[in-house]
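This report refers to the structure that appears directly beneath it.
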Amino acid sequence: MHENEENPRVAVLLIGLDRNDPQFDYQMTELANLTEANQMEVVSTLTQKLDRPVAATYFGKGKVEELKEAVAFHEVTMVVANDELSPSQIRNLEAQTGASILDRTALILDIFASRAKTRLAQLQIEMAQLQYQLPRLRTSMNVRLDQQTGGGGGSFTSRGSGETKLETNRRLIEHQISMIKKEITEIEADDQNRRKYRDKQAIKSVALVGYTNAGKSTYMNELVKRYGENQEKTVFQADMLFATLETSVRKLNLPDNQTFLLSDTVGFVSKLPHNLVAAFRATLAEAAQADVLLQVVDYSDPNYKAMMDTTTQTLKEIGITDLPMITVYNKADRMIDIKYPERTDDTLILSALDSSSLDMLVDTLHQKLFADLKEYTLLIPFSDGQIVAALNDDANVTSTEYLEEGTQMNVILTPVEASRLAQYIQE
Ligand SMILES: Nc1nc2c(ncn2[C@@H]2O[C@H](COP(=O)(O)OP(=O)(O)OP(=O)(O)O)[C@@H](O)[C@H]2O)c(=O)[nH]1
Ligand SMILES: [Mg+2]
């Protein structure tokens, strides 16, 4: 990306606390990448080894002094911290250094805000931003808010009027949050109806998950181009962090007429802000409902292991733990001495740019979703009549018998379906 004359990159200083976390270096690299993704340029980095942040100022006293000097020396107006800071830490650091302080959470929120394209994504991010601002009204964030809401500038005539303004701003934000929540609920209800309809059709679904920039959308597009119901319906893919913020679902028809849905969604990053995860929970629900997760990993990145941990961690946070997973070690074409495509069970080494890699991926998905069909005998208690109805609608039922304990059915199921119905299966 080229620098825009009218929109020069803001020079920033990075700060971080090294708490003896083995992932610290990786997190600082990640922070630098995030900063650059937000049109900023890192001019220097300051770190301190400490067990925990100093409550008032994040860094210790001497380090804050050093930071102040660095701010003056590099003539920067903004400092970016690797952690989420408390409102008072931001206030104190701003007062002592003269720079505005942006913490990791606010940085990620800014990037998301600039990338959001759909109404739902915009609302989700706006809500997360407002929730983040609420306790921070006395920091430099306040100035931005005043500009947004047309509130008066800072006057210190009386403490009383300041408190009132704070209270007004707070109520204004709370009101905005509740309006946004309402609109989000309406959009989501609509999405859920669509999902329910799909469930009824019992179409298998696969969700792409993984760290940002791993290649998820690239796989989505390659598969849509090959098998998409509508081959033009590709999604945005780009070499940038958080290219994708909305969930897209596409229906794919394989050559043997088997059909499944593939969903592509927002990528992960370590320490993804909690309120952002919460805001995206519904978007990510698509992944939670999948039969199989397809994790894409940028194998060519030296930090790929940490990125996989981040993915596992984030999935856990949104409540996705037990889904079958296929892992794709991607971008093998960028590596020397790595043979691809390669497969060991559910683990693949591939390149999204290589057509034999795509063949192997499709074979693996096909096996996982549709192979190993088996006939099972299910005994379903009368109290679970809806299961019987659903099986009659969607599944391949070979016989039905009404016993005293419930309905006994012989049904042909995939392993995935069988695991869902495990409680009814007779030995
Ligand atoms: N060399 C190489 N580049 C790849 C491969 N797969 C994807 N890329 C590139 O990696 C970049 C990121 O790809 P995307 O598909 O947008 O990544 P993503 O996982 O969807 O990223 P987010 O939406 O940000 O989470 C793009 O520039 C792709 O062209 C691959 O196998 N080899
Ligand atoms: Mg993407």
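Residue numbers in this text run from 1 along the chain shown.
Heads up, the Cβ atoms here are built off N, Cα and C, so glycines get one too.
According to TrEMBL, the GTP binding site annotation covers 210-217, 264-267, 330-333, 351-353. Here TrEMBL flags Ser217, Thr244 as Mg(2+) binding site.
Under the DSSP three-state reduction, Ser217 (Mg(2+) binding site) is assigned to helix. Listed binding-site residues: Lys216, Thr244, Thr265, Asn330, Asp333. The one with the lowest count of other Cβ atoms within 10 Å of its Cβ is Asp333.
With a cut-off of under 6 Å between the Cβ and any atom of ligand 2, the binding-site residues Gly210, Lys216, Asn330, Leu353 reduce to Lys216. Cβ neighbours within 10 Å of Leu353 (GTP binding site), excluding its own Cβ and spanning all shown chains: 15. The 6 Å Cβ screen around ligand 1 retains Lys216, Ser217, Leu353 from the binding-site residues Lys216, Ser217, Thr265, Leu353, ordered by sequence position. Here Ser217 (Mg(2+) binding site) is positioned 12 angstrom away from Asn330 (GTP binding site), judged by their C-alpha atoms. All chains included, 23 other C-beta atoms sit within 10 angstroms of the C-beta of Ser217 (Mg(2+) binding site). Same-chain residues at least 6 positions away in sequence with a Cβ under 8 Å from that of Asn213 (GTP binding site) are, in sequence order, Asp239, Met240, Leu241, Ala243, Gly267, Asp298. Residue pair Gly210 (GTP binding site) / Thr244 (Mg(2+) binding site) shows a Cα separation of 12 Å.
For Gly210 (GTP binding site), the count of additional Cβ atoms within 10 Å of its Cβ stands at 27 [all protein chains shown]. A coil conformation is recorded for Thr244 (Mg(2+) binding site) in the three-state DSSP classification, outside any helix or strand.
Here the C-alpha separation of Thr265 (GTP binding site) and Thr244 (Mg(2+) binding site) works out to 6 Å.
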